[in-house]
Amino acid sequence: MFGRGPSKKSDNTKFYEILGVPKSASPEDLKKAYKKAAIKNHPDKGGDPEKFKELAQAYEVLSDPEKREIYDQYGEDALKEGMGGGGGGHDPFDIFSSFFGGGPFGGNTSRQRRQRRGEDVVHPLKVSLEDVYLGTMKKLSLSRNALCSKCNGKGSKSGASLKCGGCQGSGMKVSIRQLGPGMIQQMQHACNECKGTGETINDRDRCPQCKGDKVIPEKKVLEVNVEKGMQHSQKITFEGQADEAPDTVTGDIVFVLQQKEHPKFKRKGEDLFVEHTLSLTEALCGFQFVLTHLDGRSLLIKSNPGEVVKPDSYKAISDEGMPIYQRPFMKGKLYIHFTVEFPDSLSPDQTKALEAVLPKPSTAQLSDMEIDECEETTLHDVNIEDEMRRKAQAQREAYDDDDEDDDHPGGAQRVQCAQQ
C-alpha cells in the first residue's frame, strides 16, 4: 500500500498526550504509562471504552519503532494514509491481554468473552433425484484439525508460552520502505517467527504429540441425513465440527446439496415432469402405458374413453410429485407432457378411410377456375432450429464484414505520397 507524506505536517503530539508522556519517553516509560492508564480505563472496571481504545491505539504506534518514527516525522495523517486507520488496526483487548494474559481483575475480560470464530468448511454433496424423493443417509469421512489432547491445545508440556519478540505478540509485522521524497510504502504481513500466532514455545517445552502446533489431524465420520423433499443447493449444517484452534469458537461443516440430472424425470420445485410420445392412433383412439416411478412403483397411465390427446398437451396426476420438505406425506403433482408422432405419408386408400370418419375440412373446396388463377408452390421439409441458426450466423458474418469496411473506408488503404 502506498502513502504520500503530507506537505503540511499534521499533529504528532496527540498520542504522547493520551499516554501522558513526553516525546522523549523511553519504551519502558511507554509501557508503564499504558499499563497504569489501561487498568484505570478498562471497560470491565467501569472505564470509558473510547478512552481505552485511544490508549491502545497510541501505545500500538509509539511502541513500534518504525511507526513511531513515521508518526514523529509526518504525524498521524501519514499513518492513516499508509495503513488505513492510524495504526489502530488491532483489538485494544488484544494489546491489553499481551500485558496481563487472562486479565488483572480475576475474571474473564471483554476480549475473552468475544472469542474469534473459526471458518466454516463447505463441501458439495451430490445426490440423485431418488435420494431426495425417498430420503437417504450418507456416511462421509473427513479430515480436520483437533486440539491436541495431550497438551489441551497449549502446544507445550508446561502449558506456558512466551510473547513473540519479533512482533511483540501482535502476530503481524510491518515493513516500511522510503520510495522517494514524501513517499513511503508500508506492508503488513504475518510474523514469520511465530507464524502469526503472537507466541513462541521453548523447544525443550514443546508437546511431544503436536510438536508445538497445538492441533493434530484427525479423521471424522459424519452421518448426513438427506431428508425427503430437500432442494438443490439446500444446506445441511454440522455445528462446531470444523477445524479446532486454541481460543477459537469452532466453525461449522456445511454440506450443500447438488442434485444430479435424471434421465427420465425433471424436477421443478415440488412437481415432477416426464415426457411421453404417442402415436397418432393412440392420440385419437386411446392409450395406456406403465410408468416406473422413482420409488420403483409401477403406475398405469391410460386415457379416458373417447378422449383425444392433442400434440404438446399436458396431463397431471395429483400427489405423485416430490414429497414436500418436512411434510413428507404431502406431495406435488406429476405432469406428463405428450408429443404426438404423425406418419410421414398416407396411401390414397388410407386417406379416403380417414376422410370418411374424420370431420369435414373447415375450408370449402376450390373450383378449377380458382385454382387456375393461383400460383402453384412447393412445400419442402425444414428443421426450423437449424434454419434459424444458419440465418443468425449469416447475419453475424455480414456484421463483421461491415466493421472491416468501416476500418478501411474506400476499400484498400491508400499509400500517401510524401510531399516534395
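All residue numbers here begin at 1 and follow the chain in the order shown.
Glycine is no exception: its Cβ is also placed from the backbone N, Cα and C atoms.
Matching 61-105, 376-420 against Swiss-Prot, the residues noted as region 'Disordered' span 376-420. Averaged across the zinc finger (135-219), pLDDT for the predicted model comes to 86.
For the compositional bias 'Basic and acidic residues' (377-390), residue counts in helix, strand and coil come to 7 helix, 0 strand, 7 coil, using DSSP. The DSSP breakdown of the domain 'J' (14-75), given as helix, strand and coil counts, is 48 helix, 0 strand, 14 coil. Using a 10 Å radius centred on the Cβ of Cys194 (Zn(2+) 2 binding site) and all shown protein chains, the other Cβ atoms total 22.
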